[in-house]
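Sharing a structure here in structure tokens format.
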Amino acid sequence: MQQLTLFSESTPVLPVSYYPDFLTQELANELYQHCLKLEWQQNQIRIAGKTMPVPRLECIYGDAGCDYLYSNSVFLKPLTWTEPLSNLRDRITALTSYKFRIVIGNQYRTGMDSIGWHADNEQSMGINPAIASVSLGSCRKFQIKPRNGKATDFWLEHGSLLVMHPGCQSTHLHQVPKTNKVVSTRINLTFRPHIGGR
Ligand SMILES: O=C(O)CCC(=O)C(=O)O
């Protein structure tokens, strides 16, 4: 499998690995169709005292009790794993040895849906979580940068896997910016650990 590694102990460029062809096109198409039928919702987020809709749809599946709170305002309660999602989780663990207890889905309906600069550093994932991100559907730009550093752009393709290794969330921020280009739906699945609590 083709892998682009931007992670090395001696010359740490970026603490991520990218597998453009993690899934065959056939499997990626099947998964995309499955994911469209998941329980998507548009949550509300509170930022600087203001409540507003999250600019994308979200869903969460995972182990019972692995509740997830982010930005101190969006509370996600996992639904039971579907078979395709748990199979995908197991494939990623077989490749990376990282273990996951939840998957959070993001659905970007148009170029106006996005996620701003952030790190996934919620306490419920423990210290230095590894996060694995599968992309399905339209290709969108994903940017990652050291805190206060320069951004690197990735184009996350249908069927690709991006792994953010332990430490990445402490040193780097990432985002999927809005775009004026005409793009159709993209689904992203982020597999995450969970240590209990919220
Ligand atoms: O959609 C993506 O590729 C990134 C999603 C993300 O950053 C997140 O869920 O925290």
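Cβ coordinates come from backbone N, Cα and C, glycine included.
Predicted automatically and left uncurated, TrEMBL annotations should be read as such.
Note that the coordinates shown come from a computational prediction; the quantities given were computed from them, not determined experimentally.
So TrEMBL lists these for the protein:
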type	residues	note
BINDING	Y68, L69, Y70, H174	substrate binding site
DOMAIN	99-195	domain 'Fe2OG dioxygenase'
BINDING	N106, Y108, H118, R186, T190, R192	2-oxoglutarate binding site
For the domain 'Fe2OG dioxygenase' (99-195), give the DSSP counts of helix residues, strand residues and coil residues.
7 helix, 47 strand, 43 coil
Neighbour count first, Cβ atoms within 10 Å, every protein chain included; then name which of N106, T190 tops the list of binding-site residues.
N106
Going along the chain, which residues six or more apart from H118 (2-oxoglutarate binding site) have their CB under 8 A from its CB?
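When sequence neighbours closer than 6 are ignored, H118 (2-oxoglutarate binding site) has L173, H174, Q175 within Cβ distance under 8 Å.
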Are there any residues at least 6 positions away along the chain from Y108 (2-oxoglutarate binding site) with a Cβ closer than 8 Å to its Cβ? List them or say none.
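Counting only residues 6 or more apart in sequence, the Cβ neighbours of Y108 (2-oxoglutarate binding site) under 8 Å are R56, S114, S138, R140, V176, V183, T185, R186, I187, N188.
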What Cα-Cα separation, expressed in whole Å, is found between T190 (2-oxoglutarate binding site) and L69 (substrate binding site)?
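T190 (2-oxoglutarate binding site) to L69 (substrate binding site), Cα-Cα distance: 15 Å.
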What three-state class does DSSP give Y68 (substrate binding site)?
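Where Y68 (substrate binding site) sits, the three-state DSSP reduction gives strand.
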List those of the binding-site residues L69, Y108, R186, T190 whose Cβ lies under 6 Å from any atom of ligand 1, in sequence order, or write none if there are none.
T190
Would you kindly give the Cα-Cα distance separating Y70 (substrate binding site) and R192 (2-oxoglutarate binding site), rounded to the nearest Å?
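One finds 13 Å between the Cα atoms of these residues.
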